[in-house]
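Taken from Swiss-Prot, the feature disulfide bond covers CYS4-CYS44, CYS6-CYS34, CYS27-CYS45.
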Amino acid sequence: GVPCLCDSDGPNVRGNTLSGTYWLAGCPSGWHNCKSSGPNIGWCCKK
């Protein structure tokens, strides 16, 4: 999957670890949305 920035990673992508994974159709079972203000399309999820 494509890495994405969770709220816990920091305010921006520069210099921060991207601990989330981008899912177009929503988070799979056992994962949760980790970005409160997510992208317009898809979700940023982590296990």
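Note that Cβ sites are derived from N, Cα and C of the backbone, with glycine treated the same way.
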Lowest local Cβ density among CYS27, CYS45, which the record lists as disulfide-bonded residues, within 10 Å: CYS27
For the disulfide-bonded residues CYS4, CYS6, CYS34, CYS44, the one whose C-beta sees the most other C-beta atoms within 10 angstroms: CYS44
Cα proximity to CYS27 (disulfide bond), best match among disulfide-bonded residues CYS4, CYS6, CYS34, CYS44: CYS44
